[in-house]
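Listed features, source Swiss-Prot:
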type	residues	note
ACT_SITE	89	active site, proton acceptor
BINDING	89, 90, 91, 92, 93, 143, 187, 214	substrate binding site
REGION	245-251	region 'RNA binding'
ACT_SITE	264	active site, nucleophile
REGION	269-273	region 'RNA binding'
BINDING	302, 304, 307, 333	Zn(2+) binding site
């Protein structure tokens with residue numbers, strides 16, 4: 001992987017990630033394909049929304065179908081027939097979200113398989129091996145996603161262990177002679193001094209890109225913005241910056257304003273299946289009875305398949321009848337909305353008009369622009 005930085009506007013960056021499997025224009029949003037599928041979508045449909053890279057889930061793909069089935073096909077690209085780059089998370093977040101059925105040690109994490117209850121062990125070395133078999137274009141280190149809230153002492157211990165696991169991830173990745181990219185993950189909860197230690201330690205180890213982890217886990221938005229404003233300038237300028245698990249459209253806008261290049265989140269797909277649709281002036285809750293006879297399109301400014309062909313009344317009807325097509329059409333729209341938003345942000349940065357774009361984005365939703373505390 002090669003990262004090219006073209007231009008900046010304030011702290012916002014316009015560039016691209018270059019892989020053997022294709023080019024990803026940044027800032028970029030990555031749809032989530034947890035089980036080797038972006039729910040309800042074929043790879044061609046996902047590509048048609050404008051997505052150039054997707055995310056796969058190491059933990060779930062390890063449990064089902066497993067490494068052996070994956071290797072029979074070649075890798076995850078061959079298994080799911082996605083031709084572009086794939087980023088896989090390390091499995092850490094899923095393991096730590098298991099709560100009481102897992103035990104963290106210095107060596108790794110003991111837990112019970114949520115499918116059948118069998119005892120399983122996952123550590124940095126195993127995570128690197130699974131992601132190698134998946135053929136991930138971007139591999140994420142195995143870390144502990146520090147929960148929120150966490151006091152300073154716990155956050156410090158967690159961050160320090162994640163740094164030790166980062167070195168172990170790096171060592172196993174290198175011993176596998178993996179030619180793809182490896183990203184470090186910055187931890188430290190909402191504490192700036194801990195984030196400083198994490199960034200410094202990861203940069204000393206050396207990675208192809210750096211993710212900001214442990215945000216969007218329940219902390220106030222002001223804390224997320226503050227940490228991004230503090231951390232992003234410390235990440236080497238020639239490396240991509242990835243904000244994990246984020247988020248709402250406004251979170252993408254605010255991340256870009258603070259220097260983030262990459263995002264992923266289940267929100268556009270999950271919300272689509274629940275009838276929660278993102279449009280230029282906010283959100284349409286398609287289950288609301290007011291849409292029963294509405295012949296207008298979902299979003300007059302959207303060029304997606306759904307908006308070009310169907311009315312709000314039809315989408316309301318499909319949802320009321322629990323038709324699978326409704327979830328699919330909603331997903332197509334939400335994914336396209338996110339990609340159109342990213343394309344708009346990229347164009348605004350190119351033209352040096354980002355703050356004008358941001359102001360318009362919020363004004364059209366009747367909201368104020370959040371403060372930006374950067375030099």
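A Cβ is built for glycine as well, from the same backbone N, Cα and C atoms used for every other residue.
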| said: Cα-Cα, whole number of Å: residue 333 (Zn(2+) binding site) versus residue 143 (substrate binding site)? | reply: 34
| message | I'm trying to understand the geometry here, so how far is the Cα atom of residue 93 (substrate binding site) from the Cα atom of residue 304 (Zn(2+) binding site), in Å to the nearest whole number? | response | 32
| field | Spatial neighbour of residue 187 (substrate binding site) that is closest, considering only the recorded positions 89, 264, 302, 307 and their CA atoms | value | 89
| task | Would you count the other C-beta atoms found within 10 angstroms of the C-beta of residue 91 (substrate binding site) for me? | result | 23
| said: Test of understanding: give the count of other CB atoms lying within 10 angstroms of the CB of residue 143 (substrate binding site). | reply: 30
| message | Neighbour count first, Cβ atoms within 10 Å, every protein chain included; then name which of 89, 264 tops the list of active-site residues. | response | 89
| field | DSSP state at residue 333 (Zn(2+) binding site), helix/strand/coil | value | helix
| query | Can you tell which of the recorded positions 89, 91, 143, 214 lies nearest to residue 307 (Zn(2+) binding site) in space, using Cα positions? | reply | 89
| 10 Å Cβ neighbour count around residue 304 (Zn(2+) binding site)? | 22
